[in-house]
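Peer 1: Before anything else, here's the structure in question.
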Amino acid sequence: MRKVNQKAWFFVLPVLILVAFNALVPMMTVVNYSVQETFGNNQFFWHGLGWFQDILRSERFHAALGRQFLFTFLILIIEVPLGVIIALSMPRKGFWVPVCLVTMALPMLIPWNVVGAMWNIFTLPDIGLLGYFMNHVLGIDYNMTRSPLAAWVTIITMDVWHWTSLVVLLCYAGLVSIPDAYYQAAKIDGASNWAVFRYIQLPKMKQVLTIAVLLRFMDSFNIYTEPFVLTGGGPGNSTTLLSIDLVKIALGQFDLGPAAAMSLIYFAITLFVSWLFYTLMTRHDVK
Amino acid sequence: MQKRSIIPILYIIFLMLPIYWLVAMSFKTTQEILGGFSLFPQKWTLASYRTIFTDPTWYWGYINSIIYVTINTVISVTVALPAAYAFSRYRFLGDKQLFFWLLTNRMAPAAVFALPFFQLYSAMELFDTHIAVALAHCLFNIPLAVWILEGFMGGVPKELDETAFVDGYSFPRFFTQIFLPTIKAGVGVAAFFCFMFSWVELLLAKTLTAVYAKPIAATMTRTASSAGYELGLLAAAGTLTIIPGAIVIWFVRNYIAKGFALGRV
Amino acid sequence: MAKITLDRLRHSYMSDPKGPQDYALKELDLDWQDGGAYALLGPSGCGKSTLLNIISGLLHPSEGRILFDGKDVTGLPPDQRNIAQVFQFPVIYDTMSVYDNLAFPLRNRGVDEGRVKARVEEIAAMLDVTEMLGTRAAHLSPDNKQKISMGRGLVRDDVNVIMFDEPLTVIDPHLKWKLRSKLKELHQKVKVTMIYVTHDQTEALTFADQVVVMQEGEVVQIGTPVDLFERPAHTFVGHFIGSPGMNVLPAELRDGAAFFAGQQIALEGAVAPGAGRHEIGVRPEYVTLGPSGIAAKVRKVMDLGRHSVVEAVAGDTKVSAIVEGAAPGQGESVHLTFRPDQTRLYRDGWIATKQERAA
C-alpha cells in the first residue's frame, strides 16, 4: 500500500499551479461571459441563464450536436475494430516491428492543419491523387465542395487515416504484454483462433481499449482544425461540427455570451459521455 | 503468417499515399500542379524549398515552433516528474480527485479556451511570445506527462526508494542519481508525447501569436488563403513539418509500445 | 496414457548448427514409462524447457522423432497430442469462472455439457476447489491458479502426459510443499504420466520416481532419487544433488590405483582402463575425521543442529565432511578417511569405477 503523506502535495504543487492557471482562469472567463449580455463597448449586463436556454433550444445547436455525434459514432465504430484487427495482424518481433510502429505513428505527428491541407491537396478533383482517381479512373463524381456526402466520406477517411494508429499502437502494446505461455496453454487446450481472441487477447486489451475509446471519443468530439481546414464546415453547413460552429459564433460573429454558454454545455457533454464510457467499460472489474 | 501481414501492409500503404502526394507536389512547379494530373513530378524543382529557406517569415515559423515546443516539453516533464512520483508513492488528501481533474483538462475542447486564453495572455502581456504558447500547451501536456510517468514509476518497486534511503541518500540525490536513470525510458516517452501534442496543436498556438512567435503551421494557413493557391509552397512547408516528428519518433521507437501500455485508467 | 519415446532427438535454435556446441539439446534417446512420475532436473539453461516444449509440440525438433505408444507424433500440433502443461506462471482465463476454466479444454473438443459437468465436478473435488467453482478465476490466489491450470490438464481423460514447467516458482514457500504433496497424491490417484521440470533438487527428489538430470543439453543420469544420491554417474550429478554436494577431488591414476594428496585412496572397485582427467568423488556423508588419513586443516565449521559440516583443506583442495557430535575447532589439524565403498573415480566427469557386487 502507498503511504499516507500529506507533504506529497508539495510535489504536486507546480503541476497544480500551472494547470489551474491555464484551466481555471479561462474557465472563469467563460462562465462569466455565459451569464452576461454585451452590446459592445465593453459594457456587460447580467443575463442569467438566458444564453443557456437559447442554446439548448436552438435548432442550429441541435443540428451541430447531431452532426458531432454522428461523426464521433462513425469514427469509433470504424477506428476501434480496424485498429484491433491491424494490431492483431502485426508482427510481434523482428525487424519489421519498429518499421511498422514508426510508419504508423507518423500521421499523428503531423500538425493538424497540415493534415487538413494534405488531404485537401490529396482530394482536389482534377489534380489530387484521390480526386483524379475517383473522377477520371473510376468515373465517380467526387467533389467535396459540392457534395455533402463526399465531404463526409472525406473527413471520416481523413480521421481514420490520422488516428487509427493510436488504437493500433495501444492494442499492440496490450498484445505484446501477453506472455507466450498463454498462447501455448490455449494451443494445448485446443482453443480456436476465435477463443484465443475472445478469452486471452481481448481481456488483455481491455484496459488499453478503454483508454483508446476514451481518447478517441474526447479527441474526435473536440475536433476542429482538420475538418475546418479541409472543408471549412461546408458545403453549406453539412460538415459544421460542434467546435467549428462554436468558433464561428465566438470569433466570427463575436457573440461571446452564446459562445461561452455553448462552450460550457459542450464541455459538460464531453465530461458526461467520457464518464459514461469509463464507468461502463470498467464496471466489470469491480465485483 | 504471411497471409496475415497483408493487413498491416495495406494499412501502411493507405497511410503513405497522402504523404507521398504531399511530398511529390512539393517538388513540382506551380504550372505542373495546376496544369493537370501527374503521378510523379515531371520536372523536379527545389523552388518551393528555396523560398522557404530564404524567406525569414517562412523559416522563422519553424524556429518559433521548435522553440515553444521545446520549452513546453521541458516544463511539462520537469513539473510532472515530482507530481507523478507523489501519485505513485503516496496517498494524500484528494489525490484521486486531483488525478481525475488533471485528466479532464484533456477533454476541454481547445475551441472553448481560445478566446479566454487570448485575453488571459494579453492581460499578462505575454501575447505573441514563445513562453505564452509553451505555457498554454501545458494545459493538456502536463496531465498527459503525469499520467505516463506515473505508469512507469508504478512499475519500479518501492524497495528501491527504501534501500536508497537506508543507504543514506538524500531525497534530491536519490531522485536524480537513482530514480531518474531507472525510469529514463518513461521520461523519454513522456517527452515524446509532449513534443508531439505541442507540435501538432495549432488553434491555441495561432490564437496566442501574431508575428514574433508565429508557428510554421500558422504561416502555412496564411499562404493558403492570402497568396492564392501556391500549392507547391504549401506542400513543401507541410513536408518540412513532418520531418521533426519523424526524427523524434525514430529515437523512441522501441519504447512507444511500452509507453502506451503503461498508465492507469 | 502412453509410453513416450524420444528417438535420437536433437534440437538447435540456430538454422545452421555447426557443431555440438550449437545444440540446445544434444542427441537424446529416452523412454518414459506409462504412468511414471518423472522429474527433469538441471540448472537454468540446461535444455530442460526445450525438451519439454518438444514433447508438448510447442517446438519442432531439428532432428529425431517423438513417439507416443509407438506412434510418431513429431509432426502433430499440441492440441492433437493429448497432453497437458502447467506453466511457470499460472495461466488461467481471467474472464471465466473456475468452472468454465476447467470446462474449456472439453468444450473446445465438443464434449457434451452433461459429460463436461461430471468431469469438472470430479476434478474439482480431487483438487479441493469445489467451493470455488462459481468464482471468477482472476480473483484466485497463485496456488489455486496453479491448481486450476493443472485441473485443465486432468479434466481430459484421454490425456497422455501432464508436464509441469517449474510450477512452484510463484507459490509462497509454506504452500509449496502442500501443493507438491497434492501433486504426488494426484499422481497416485490418476496414474497419468507426469513430467516435472525443475532446478530445485528437493522438488525433484520428493516428487519423482525417476529423475532425469540434465546439463548443457545432455542427459547425464537417469535414476531413482536414491541412485542419484548414492551413485552419481557424473561429477555434475554428485555436485548438483546433495547439500553440500559431493567432494570432487583432483586425482592421479597410477597402475590402476588412485592417489589424492600423495596418498593412495581405496575405491569401490576396479577402475576401467583408459586415460583422461581423473577425479575422486566422495560425499561429505562418507568422509570421517580420525587419527590417521589425509592431513588437512579445518577452515570453517557450520553447525546445522543435528550435525556439522566441516570444511577442511588438504593441500589446496577443499574437502567437506559431515560430522555427528562434537566437531573440531577452526584451524585445527585433522585427518580424513573416505569410506571405500562410497568412493569412486571419475574420468572426464564420468564414473570410471565398477561397483563390486556383494561387497
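Heads up, the Cβ atoms here are built off N, Cα and C, so glycines get one too.
So TrEMBL lists these for the protein:
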- B:62-252: domain 'ABC transmembrane type-1' (DOMAIN)
- B:7-27: transmembrane segment (TRANSMEM)
- B:66-87: transmembrane segment (TRANSMEM)
- B:99-118: transmembrane segment (TRANSMEM)
- B:130-149: transmembrane segment (TRANSMEM)
- B:178-200: transmembrane segment (TRANSMEM)
- B:231-252: transmembrane segment (TRANSMEM)
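Describe the structural surroundings of these features, if you would.
Peer 2: Counting only same-chain residues 6+ beyond the ends of the transmembrane segment (B:66-87), those with a CB under 8 A from a CB of the stretch are 95, 99, 130-131, 133-135, 137-138, 141-142, 144-146, 149-150, 153, 175, 179-180, 187, 190-191, 194-195, 198-199, 205, 213, 215, 244.
Beyond the transmembrane segment (B:99-118), the same-chain residues lying 6 or more positions past its ends with a Cβ under 8 Å from any Cβ of the stretch are 87, 127, 136, 139-140, 142-144, 146-147, 201, 203-204, 207-208.
Within its own chain, the transmembrane segment (B:130-149) has Cβ neighbours under 8 Å at 64, 67-69, 71-73, 75-77, 79-81, 83-85, 87, 99, 102-103, 105-106, 108, 113, 117, 121, 183, 186-187, 189-191, 193-194, 197-198, 201, 204-205, 208-209, 213, 215, 259, 262-264, counting only residues six or more beyond its boundaries.
Tertiary neighbourhood of the transmembrane segment (B:178-200): same-chain residues 65, 68-69, 72-73, 76-77, 80-81, 85, 134, 137, 140-141, 144-145, 148-149, 151-153, 156, 160-161, 164, 169, 241, 244-245, 248-249, 251-252, 255-256, 258-259, 262, selected by CB-CB distance under 8 Å and a gap of 6+ residues from either end.
For the transmembrane segment (B:231-252), the list of distant contacts is 19, 22-23, 25-26, 28-30, 33-34, 45, 47-49, 51-52, 58, 61-62, 65-66, 188-189, 192, 195-196, 199-200, 216-217, 219-220, 223-224, 259: same-chain residues at least six beyond its ends, Cβ to Cβ under 8 Å.
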Peer 1: Quickly jot the same-chain residues contacting the transmembrane segment (B:7-27) by Cβ under 8 Å, restricted to those at least six beyond its ends, or write none.
Peer 2: 33, 39-41, 44-46, 48-49, 231-232, 235-236, 238-239, 242
